[in-house]
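Below is one structure, written out as structure tokens; comments come after it.
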């Protein structure tokens, strides 16, 4: 028989035992008197069997208990007595056998009947106990040895003992209710204890020996019940017995269950036998029989429902604490092995109330009750407090409905309890009293106090609303209580509202919304404000809408939120922008108020929301420093509409997109939010972070001292304000009766007046004969005025500390009376003396505060109101309570026990989790302590006492009495993974996943409703985000789910290696560590716990149940451990292959075993391959050294694979006389740790490898994908235009090795360089790099090594589908560095050697692309392959000057290290698009390029994993770096002009740029130079994590425009030659170190030195021929061992540079200017002049922006610039611009108005020129238009020849390409 059936039939037995009809039949039976007791027991069993037969025939419970059924069965019993008993057919022996058979069948289905000897039963009814004892003896209990004789007997005995125990408990309950027990609860508990002792008599010696607390069990249960009553603030005064009985019944059930477990653990019982179920059913059956069936038959069905409710309450507690239901189902499953077992999700004790509500919803067909929301909304845990409140409402509403049917009238008690408990009124009132105490203790003007008052008021309003919405309204006294408390709160709120902080405050958080009209900015502002108020639990009346036109802050009452609509649209007296500078500040800001009564208001709102169409400040705002305004906007959000998405009134934000912008110019994009939920998550998280920072700042400030003078000034100021509040009659009375006095304060009955000498006078209201209106006004303002005086005293704490430190005690204890003298309640003599010494004005306000805020009792004002309400209701309650039937009292008691006994149930739960008799006994002694029950259930943490987790001591779980192994590796996993997810008041454990996400238990995460605010608390920090159910990834057959979202912080990359995904590789059985980190409600903090478990891989499916949630789990990990509620999400850590890994997460418990699901794998977590067949041997560290997200040191390489790096430089220092007195600011770099040059300095331990790898710590970003694609697409279009004649296909292996002869940029593979890894391991003595792997003649070399060929094929094949891994060798670069980078701040650079096979594959794939890229540098931005000695340098200079002479020279920090994968992926797409490849080849190209950004780096023996950057040994490094450089600048440009598409899409029209690797020069036209400048680049790049400095002066802050001749490129400058070409001299600082250090590896030092001298000569020749000649002479003069023939002479240098410049042409053959040399000077080819210049004598050209002369000195022709001239001083030339004509007018205009003979313009010019005036042609941005006008007018009047105009206009065309139309349209000038 299963337990549920047993529960029913035992109930039948107890019902039978209580029937009066059976007693009557026994009395009438014709049997001996001594046999009547036995007959009564027999007939009860017989009647119970008849009830069971009715049940089997299909009758329901109500039919079985109906009057008709009872009468029918009574007739059957009567017939049985007549026919069988009285006739002798059933003698004493037969009746005992019948009874025994029934007990055997019911109490144990495994019990086999044993033959018993016949024995005489007692004949006296007083010997019933003896019958029981004999019965127990017959069932196998031996008093001599306290042992169980047989297993079957043990179960039988235990079951029967519990049967009797339950009977006695039930009898005691009935006795209490019936009044037979006069001493009440004590006697009731005494009888329960006696019954327990008698029934468990056989085991009492063991129980008493193990549990000394057993003797005190009565006091323990009383203490528990008393604690529960206090928890609900003693609302049940006079009705406590229902709580004591209900709590006693629930507690007794738990104790029985715990004792059963103890007996199983100690082997007294072989297995659990369902003691709790048996006890509950028999107890309820007894009550039912004794009360329902005898006293209330007509309502038996309803009362049976109530008793069933009581039983279920007890079972709910058992299930929540001990997973009792799971144990029962498991035992049932053992009988039916075909069914899958069930595990229970351990989500928390909060589900108990939900289970109660679910039960009550089945009481009637109308199971959905409207209580503000349907009960169906409660079926899943949702918004914490609201959900619990709704469930309490629902449960009490149902109980009230049933009580109405039972009582016949509506229960006022239950209706009031619905409100008092459902709305938690007592806790609200207690919080109000705490608030008053806090206000007295601290400055009541604080924003925190003000907000807390607002929260309490909002909560009170919600309570009042809840009272009105209930179906059972409750008493008027309860409604009056809520109203009275709410009015007092509002009075308190008003008393502090006219104030604020006049000291340093928290700066409010400002959110600025911008966007086009009609995008819905205002609706977003309103929604953000409402959501913020909801999260902060404030009412909607806390929003203040600021009117920008109002010079006053009319209506401002320190609202929490201030909104500005159309911010600054119409400037007022003070603009919104100017106002914000003071509002968003930490300085106090006094608002300008209209009325005198409102003076003294200070702004201290917490959130400011503004919306406006424009980003920048209004030009008329009066803000001179725009940055001061812009930086006050903490978040700038641009609102835009999603194309094609219509407006939805139900969700106004559904069609909006939000873009986070930088608050400062140029307002670059930072992040885009596609949904409002994502935006709200970001804003609320940012707000919380802002609040934390502001609090830290305020805590750092010192307490300011003050003096008496300031205090008196403040007092006078307050009296002025108080005077303005007081009625005129009061002021008049004070002037007449108390001249020289000021009105101080009033308590509503007396008024106090203060004099400057400190005296205080008083007068009663009756004396002043005030009207009722004046008295009301005094009462209304009294508290407010007193609070202001109190705050004044708090502001001057050093003057009178007593008024500050003891203000609370003085007020609360009423130590000051109305006469302002100490009262009798202040018994301390010293304190009375101190109070008497207080100034009278302080005593006055302290008295008034006590009058308003306290009562005569020691309780607070609000709790005293509750006490008064309880007193008024007590008589009504007691009258009603007497009418209640027993089941209803038990129902209420057990329900409140569930709600109020949380700490007790947690204590019992912790006791259940203990294993072993020793730990169980020790834990029970603590839990059942009479003095305290809370916080005592922890096991002493011995084995791990030295362990800590997040600064908390790790608590051990010793389930099997063994210590837990928890090494540093496992601790690192827990520290990295463990996180707490909090939604509303629910906390659950989750595990951070690689990337941006976390693993969690599905039955927990799936219950979170979409759209709620969720908090993630981990080692990374706290993040708030809005829950999106669509982001929850679920896995078939696995209870662990994965949640991925971009709003979470990114975890460390190394986490992936510590998670074990492969279930098949796990052993069938293995040891593991169970680690949890969850909230302990008893100690009110997070507690880390761990324990050892033995895991088994369980391949049998089971069903996981959690509330209504059901899911079948086919495979899991199981372990014997008594886990508890809240353990779901705990980590299962196991040692796999020598190191700890995460193998699973705990998800369920079935009453005996815990269950965990395996970690699910998802493709988004990782993708991993290796390098060919080679496996690098290394020892991985348990805790990798994290340099940053992009780089971590993983471990040590085994010696057999390690490569030793040489620490010796190849540079040799030359003798001092060879230095020739030239300076040297460079030294050879530091190549290894322990460099002797650093000995004794702070850098003595400098490691160049660790320092060099740090550049890879973090990648740049984030980048906007759409913008990045646009920029890259534009670059590829230029490539495609330039690549028409270039093949782009892949070359064969021979070409990749040998190159192509006579084809530029198709060089052969360099064989002398390193071969890379792992080939470097095979290098023998004398071997040279790659050369040993090839054979053949030069030009026809072939690879002969099969291993290299195999690796080449492997790279080509694998890269088609995946990114191959690389093993790279890091070497310190042996170079000369500035002294500061060697001695002062060592900074050596690393060179990366890649595998030879990989490099060859790269050459095969990209050689044609490289040739194109270098060959077409004439049109491309990148100048890779440029010859600085050739005319290319001039071409490059001209290209830059084509946009003007505003040039930016930038220098990047960590350029090699920050290349992100997203850009490398785009570069791969760009190359693939140019090569026109198919999809497979495109993937192969990208994977090959991404391989170098995700590689293993070998630094000596340390192995690093690098996830970004580009290695220097990559064949395409300089090309990729050049592309990256170009992308970054164009990406910045794109975002700079995103508000101007026409400029944004025309980069080349406004900017000319050249790049070479990380070097760049950016020439910006005048038209955009004010916006796209160095400051913008620095700021924008900083937002991407990139540091950019000035390329010339790296110590300079910011980047300024330079002229070309002041820039450098590739360490070379620009110098103009006389012939108009540009030279590229290298900086001299880079030349002289060649004289100090030489590389003498191949040559002797002298030969190397001479080579260096010749290099210097070549470079000096570019500076100046004379300098080169002087240097040559100095070398020959000082170093006579050098012959003159060894150094290049001037002629040889000239020939060299001529050949470099012109190929075969003579460099000295220069063009001779044919005419008018001065005319040519201003316009150098490629240069856009802006400086005022004289082109021929007396004729000047100038640009408007750069002209600094005096117009009075010239006859001015002003071209399109508005200016007035006198007739003889010039004129303005206005004309319509021609499209694409370089700033010149149309041809028709020029011919008719400029060059036509005799035209007005020409005539005026001729006259001025012939008069000898200085003539000035001035145009706007450059001199080009004025230059062309001047040349044409000079030629038209014959001042210059046609040849001169030809030359001049040709050079103008070279400067401005748009003038190319001139020869065609103006042939006469050419």
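Cβ atoms are placed via backbone N, Cα and C, with glycine included.
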Query - transmembrane segment range according to Swiss-Prot, out of 889-909, 910-930, 931-951 - result: 910-930
Report summary line: CA pair residue 520 (ATP binding site) / residue 1128 (active site, for picornain 3C-like protease activity), Å rounded to integer, equals 43
Report task. Give the sequence-ordered set of same-chain residues, not counting 515, 516, 517, 518, 519, 520, 521, 522, with Cβ within 8 Å of the centre of the Cβ atoms defining the ATP site. Result -> 611, 613, 639
**Report entry** Secondary structure at residue 1039 (active site, for picornain 3C-like protease activity), reduced by DSSP to three states
**Finding:** strand
Report summary line: Cβ density check for residue 1128 (active site, for picornain 3C-like protease activity), other Cβ within 10 Å (all protein chains) comes to 28
Requested in this report: Give me the non-local Cβ neighbours of residue 517 (ATP binding site): same chain, 6+ apart in sequence, Cβ-Cβ under 8 Å, ordered along the sequence.
Outcome: 613
Query raised in the report: Tell me, how many other CB atoms lie within 10 A of the CB of residue 1003 (active site, for picornain 3C-like protease activity), whichever protein chain they belong to?
Result: 23
Report task. Mind checking which of 519, 522 has the fewest other CB atoms within 10 A of its CB? They're the binding-site residues. Result -> 522
Report summary line: Counting across all protein chains, other CB atoms within 10 angstroms of the CB of residue 515 (ATP binding site) number 23
Report task. Using C-alpha positions only, work out which of the recorded positions 516, 518, 1003 is nearest to residue 1128 (active site, for picornain 3C-like protease activity). Result -> 1003
Query raised in the report: On a count of neighbouring CB atoms within 10 A, which of the binding-site residues 516, 520 is highest?
Result: 520
**Report entry** Integer Cα-Cα distance in angstrom, residue 518 (ATP binding site) to residue 1039 (active site, for picornain 3C-like protease activity)
**Finding:** 46
Report task. Can you check which residues sit near residue 521 (ATP binding site), meaning Cβ under 8 Å from its Cβ, same chain, 6 or more apart in sequence, and list them in order? Result -> 513, 514, 515, 611, 612, 639
Query raised in the report: Which residues of the same chain, at least 6 positions away in sequence, have a Cβ lying under 8 Å from the Cβ of residue 1039 (active site, for picornain 3C-like protease activity)?
Result: 1001, 1002, 1003, 1104, 1111, 1113, 1147, 1148, 1157
Report summary line: Across the domain 'RdRp catalytic' (1445-1572) the predicted model averages a pLDDT of 90
Query raised in the report: In DSSP terms, helix, strand or coil for residue 521 (ATP binding site)?
Result: helix
Report summary line: Using a 10 Å radius on the Cβ of residue 518 (ATP binding site), the other Cβ atoms enclosed count 9
